[in-house]
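The next block holds one structure in the form of structure tokens; read it before the comments.
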């Protein structure tokens, strides 16, 4: 293959051919670089919605260059005839590559940091043109017209100076740059005199006498004016738009941020009046024409922003700009500062956040006017001593550094410091050098550290303390000046404040281990907000509830059983009592708390409610009432209507059977009503009087009549799913406000086409779709089913989407997903539509669940294209598939997630979390990774102020802080796995794993279960988008893939054994395929096995049983059929019952001959058979077997068992009898009788002399109450079914005739997917 200049770089190609691909396969260090030209940039800027692949394919100047990871940019430039190569990340900034940089290695490193591990896969991804949305190379620097307009406008136009007609029009070069209009004195020449017209504070006017003309005027009494005439309307509008921004400014500010600049525009130096220059997010160079070394030319410059320029070294020449008062140099990779910085004597604000600084120079202390110094997210291990000299500073802002010790003595020496911000450090201990009090520090922020004990009692002037998300066990403070205390998410058992904080207004002690409310909090006279939720409180002090200043009290998630009775009137406005153990509320609650507007008493045990009326008239001002998940009955309804100002009422999951029409009629202010999860049969017709009602949620009831809600003028959301609706009465005109109508789960509801046409204007109409029978769905429908619920809450749009495929990958698996875009709906919908296809492709390429799941997320991240550059989404994907890697399981569940969506598995009634929450607050490792990458984490815990997530799909512009690599977990599914819950962030913020599992594990319908979860979240205070999916799992015997499923087990030839068979209890799992073998292996004990004759409940089994040569490998068992332990018998009793009812009534005298080796007692036959045996490794080498072996199935095979027939020598051979196609088909019919061919007089198809060694058939199993089965009396030994060698062909012929002569009835629905079990019954 021809190379260009070097063996490392090949000629450019316009497409991939076979020769190029062969060359790439030879070495993973080879690859290609897509090179975009200038015309490609135009296509990209004009078509913002097209993907990278489409734009690249349509571009005439796009081509690829084959190269290696060692090929430098200079070599590619030489081969392409270019001066430089340019790199663009995420469709944003463009920087020039250095000649020594290696483009292909840059791509490989980028993909590796995203999460790709396999070098071959990295090579493959690098050749994908879709990657251009994240990383691309240009042969020329792209020029975006809209950005150029904001930097500089220029052209040759007709110009006239002055307002009068004395001057003539003449063609001149006109430039608009910075704050000035520049007009040359000579046409198309800048060598002559340049006329400068400052525009700040001036004005721009339209010249009416001349088309497309503007008049530019400067400010002041001596204002000058220039008239400029443009040729086109587009030019006229561009100049007018940009000039209007300049003249509207009060100060001379130039914003050139995010323009990929390497130097200052030449014409900008004409604007000598510039005072503030913003150059952040560029690639400014230090030493080059127009670089940072020329900024000293701006003689009046006061403010300079050079953040995010990746300078690496501090530009020393900046220290010569003595006029600077503000300087921002954050996120530039500085490791130290020069001593010359002390020359900036006028500097007042210096921002150095996001660098690698460990010390500050002493010369910084010369800046006596410095009042703000930001050194957050650096590498300081202690507070710099220079703070003591900077007396104008009043704040120590050092968030995100490496401090491990809090030395209060250092702070005591800084008398000028009032605010201390040390959040997100590594603080573990605190040092107090002396007992001297500190009277100057008023605000301290110690969030997200590792403190276990904190004593700040020496800070007697402390007004506000943030110490949340530590590991505090005890907290001691001074209460002289304390006004606000945030101490949530710790392990506090004691909080000591002395003296009583008389100025305290806000106290947050939530999510701790407090057993009582501190006494000092009860005595605080000005406290307005108290949050002690998520603690261990058992009682509420009277003084707290009776406080005359308290406005908001949060007591949720405690163990409170009673509330004190109110005696005096209180000003309480918000009361949260959810998740306690309350059985009643104080009788005087509503009569004494007249200002109460919000009450949440959900998840308690309330059976009644206090009256809202003190006399004949109600004075209640209650507006929001949440009483979900209690024990309320119809008797509470008359009490509720006393709250005439109710706007939101939640009564879900109670015991309501009726809602009196006369009572609902009184709630005229009602806007939202939730009655779901009750036993209502109707909604009163008086609901039509609730004219302000916009939301009605009444799912999971017994409603059969559609309520009269379509006449409400403001109705928007109606949820009547999971009811008994049969028809809908539609008015003549539907309300235009109706946006969402949910009628799913009403199995008897049939909507005509006319009705659907009327509902066509509704944005979201949810109805049941009748599924079409498919072969794929019948395979997996037995194993799992799902229900989905999504609610917008108080938001205007739904930004949560879900993916649900019960039949996936040709019907052998299932895929479920949840996507949460937070504030955007585009990305969740894109992922909903594309992620399953990506998974299917990846599954075909790899069988490793970690590999194909990770690649699914990474490829989906790439496929988001331009939409994923600025937007992001949390993603959760669950894949159920047959477990081929683990022979001990039937199905495996693989879960992958990024962001805050989570999946929880219910196993044996207990929750098993399968996901990881990638957020700064809940994942310290991820928070440290983001800190190490020098991201700026704002006070609300968001990366660069955008998102709290550290891993997402999309948001590529936040790379490398935000990554798409998912957390992956796999678990084998067992019979104990009941259901799987998928939910977004809002769901899990308001429901614990245990509560979610307990709330739905007994709900029969998965749709109703998902609805219930969303309703609970909303009733618990969720106002955001909430989404929940519940997947019911039915992994039983029919899902088994081990060698025990449907197999018969041999016993030693001629080894007669008997067991006394007793009645057994009904299995705990009512599935017809719930595994007799597995039940026996766990239930049988030594006392249950009789040893009258030939009992094998001893070690004699090894001597008389199978030869060890017949066991080439260990048995492959699943959780449904575990391997017997030493405490269990190796041989287990069969579930077969042997009856003589199959024999003819008229028998010959030969029928009375006794069977040798079988002992009967007149009523029972004791038989022991081994039903656990290994499958032969190679069935193909077995001797010839009978093609069609008869099988006996009871008509109700849900309670019976079917037994396969083994040849007489099959026990010795260790091989199982394979079933033919005919036998399998006949086996599905529950009405198929025992025999295929003609029976002899003794009920067998073989002579008696050949029928003494094998049991013939097994009849229906009686109800089992113990480990034994009672057999019919008078067992006839001739009823054994034998197939000797010499009659095999005759047996096959007779069975075939029998099968052809009988019609196979239609099987039951449950029998289609649950084939009967089979066991060998050889003695």
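Placement of Cβ uses the backbone N, Cα and C atoms for every residue, glycine included.
Listed features, source Swiss-Prot:
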BINDING   820, 985, 1024  Mn(2+) 2 binding site
COMPBIAS  1122-1146  compositional bias 'Polar residues'
COMPBIAS  1292-1315  compositional bias 'Basic and acidic residues'
DOMAIN    785-1033  domain 'PPM-type phosphatase'
REGION    1060-1157  region 'Disordered'
REGION    1285-1323  region 'Disordered'
REPEAT    300-321  repeat 'LRR 3'
REPEAT    323-344  repeat 'LRR 4'
REPEAT    346-368  repeat 'LRR 5'
REPEAT    392-412  repeat 'LRR 7'
REPEAT    440-460  repeat 'LRR 9'
REPEAT    503-524  repeat 'LRR 12'
REPEAT    549-570  repeat 'LRR 14'
REPEAT    571-592  repeat 'LRR 15'
REPEAT    595-616  repeat 'LRR 16'
REPEAT    621-644  repeat 'LRR 17'
REPEAT    692-713  repeat 'LRR 20'
REPEAT    737-758  repeat 'LRR 22'
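Positions of the features from Swiss-Prot, shown on the structure.
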residue	record	Cβ within 10 Å
820	Mn(2+) 2 binding site	30
985	Mn(2+) 2 binding site	24
1024	Mn(2+) 2 binding site	21
Intrachain residues whose Cβ lies under 8 Å of the repeat 'LRR 5' (346-368), provided they are six or more past its termini: 307, 322-340, 374-381, 384, 386, 389-392, 934-936
Spatial neighbours of the repeat 'LRR 22' (737-758) far in sequence, C-beta under 8 Å, 6+ residues away: 694, 699, 710, 713-728, 730, 764-768, 792, 1005, 1007-1008
Three-class DSSP secondary structure - residue 820 (Mn(2+) 2 binding site): strand
DSSP residue counts for the repeat 'LRR 20' (692-713), split into helix, strand and coil: 0 helix, 3 strand, 19 coil
Residue counts (helix, strand, coil, in that order) that DSSP gives for the repeat 'LRR 17' (621-644): 7 helix, 3 strand, 14 coil
Three-state secondary structure, residue 1024 (Mn(2+) 2 binding site) (per DSSP): coil
Recorded stretch, among 323-344, 392-412, 595-616, maximising Cβ pairs under 8 Å relative to the repeat 'LRR 9' (440-460): 392-412
Cβ-based neighbourhood (8 Å from the centroid) of the Mn(2+) 2 site, residues 820, 985, 1024 excluded: 799, 800, 822, 874, 900, 901, 984, 986, 987, 989, 1025, 1026, 1027
